[in-house]
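Participant: Can you read through this structure? Questions will come right after.
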Ligand SMILES: Nc1ncnc2c1ncn2[C@@H]1O[C@H](COP(=O)(O)OP(=O)(O)OP(=O)(O)O)[C@@H](O)[C@H]1O
């Protein structure tokens, strides 16, 4: 049996076994728990499902949300309102559940549109999610007898099943939700969530539609939270504004933080542990329990900053990497590299009358500071164009204005005949612009293989519950991986790579997006002489053989002279000279700029 097939069938068996063990625990727990604890734990199981969604949003994707309780409350109130005012029965129950899920998902989708648009700061989305439960609570308060106002609704008809039955329903729901969440976070999509958490900008510059993915995740998690809220209300037979309130939203964050962000098991343990302990202590130690919970929280945050689950996950990771000789050692990644159809062919097919890139009258101002002033440049296919100039000349700003439509103040940038307008970076990547940054921009906790797979998202897509075993890369990307030895380190997390390897990986990732225009900001900074020579070789081939148009910012003028076929000199935001290497090297004006002389006197 091939390795990949064996690995994936092992994964399936592990998942099935884990779910079976969890279901067995759920099935037998009421036999040894008393009625009181079964009751307490049933409530905790519904809340654990809420915590699970908070973990997907905050733990995995890095969006600090205070508003998940709002969706829980919507599900709970959908149940209570329908059963109180309209009717009770199987049909009404299904109708109420569907209404709860639909209202929660639409609310989450609208909230996502408001919070996650391109350019919105993470703080802004946190504030929007903070406002959501507050607004919803006010709506409930102002609902009068319909919503029960501050007293809520109670005593509505529901299924008065035995407590054990409710426990099983809550337990099975949690196991099913956790199993799907587990399969999801291990899939290609799960890697995208982690990538967004670690480096959202890099995701956008790989063409990943970050805003859309965040909004979709928010909506799906809202649906799950609404189901748990519905179950909670049907079980407890009482709803109150607190179920949709800000306090429950904050408590769910504490459960996740205590249990362990980004671990799935952590939030479940955190929610069940704290809720069950609080219920127990609030009866036996009514004046002390809040204090005890508070002290425990502080102690865990200080002693185990990654939560209680880090004890388990840390031990598991140490066990796994011990056999492989440590996290930085090459090990089986489960990924195979293959060759994607040649970009040479794509470049030839894409050859059109329009130049790959054309910049007209580009201006960029920050307040009264003019950083770029009327820049006109046209990049041709197969041209390696170096942009040089003293510090602060505006070189990096020029790259930013090309790769992000919202950066410039005036002028136009046209990529292969299409004006970029105010497009976001991911849309501009779609036009064929790839960018590497001055400081290497990767995903620390993802492996080399995962990073490459992410880079192919725009072209190959990703499936929600599937982890692909192969990554198809264009020829130049494969060459860079082979030259830097990265093809032997696909399973190594990028934080363990050397500086040179990180540079190589970033370049390979950008090339994996199959750009026609490549923007490289000091790609050789901090590299050794042999590494610089190797990169220079690759860049020359990219331009000459693959027809890419490369804009290169570089301070090393000897390197620039060796590899460029055209140089643009920027000085104080203006284009000083645009010419061949010989013209620029022999220019008195350029010598004066680099010598720091007064330009007026030179001219
Ligand atoms: N967001 C910003 N707000 C205000 N000023 C900015 C901003 N970004 C850049 N600048 C200013 O614009 C000028 C040009 O910066 P830029 O980084 O483009 O220069 P550079 O030529 O790339 O320099 P270096 O070679 O040092 O990287 C600098 O004076 C910088 O302080």
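The backbone N, Cα and C atoms fix where each Cβ goes, and this holds for glycine too.
If you look up TrEMBL, you'll see 357-597 marked as domain 'ABC transporter'. Feature annotation from TrEMBL assigns transmembrane segment to 12-34, 40-58, 70-88, 94-116, 123-146, 166-185, 216-235, 287-312.
Please go over these features one by one and say how buried each is and what sits next to it.
Facilitator: Across the domain 'ABC transporter' (357-597), mean pLDDT in this model comes to 90.
With a threshold of 8 Å between CB atoms, the same-chain residues lying at least 6 positions outside the transmembrane segment (12-34) that come near it are 41, 163-164, 167-168, 171-172, 174-175, 178-179, 182-183.
Within its own chain, the transmembrane segment (94-116) is flanked in space by residues 63, 67, 70-71, 74-79, 81-83, 124-125, 128-129, 132, 210-211, 214-216, 218-223, 225-227, 229-230, which lie at least six positions past its ends and keep a Cβ under 8 Å from the stretch.
Below 8 angstroms of C-beta separation, residues 15, 18-19, 22-23, 25-27, 29-30, 38, 41-42, 45-46, 48-49, 52, 56, 60, 193, 224, 227-228, 231, 235, 264, 268, 464-465 of the same chain, each at least six residues beyond the ends of the transmembrane segment (166-185), sit close to that stretch.
Counting residues 6+ beyond its ends, the transmembrane segment (216-235) has Cβ neighbours under 8 Å at 42-43, 46-47, 49-50, 52-54, 56-57, 61, 63, 65, 68-69, 71-80, 83, 93, 96-97, 100-101, 103-109, 111-112, 116, 158-159, 166, 169-170, 173, 177, 193, 243 in the same chain.
If you look at the transmembrane segment (287-312), the same-chain residues 6 or more away from its ends with a CB under 8 A from one of its CBs are 254, 256-261, 263, 265-266, 269-270, 273-274, 277-278, 281.
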Participant: Who are the long-range neighbours of the transmembrane segment (123-146) in its own chain, taking Cβ under 8 Å and residues 6 or more past its ends?
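Facilitator: Distant contacts of the transmembrane segment (123-146): 63-70, 73-74, 77, 81, 85, 107, 111, 114-116, 152, 241, 244-246, 248-249.
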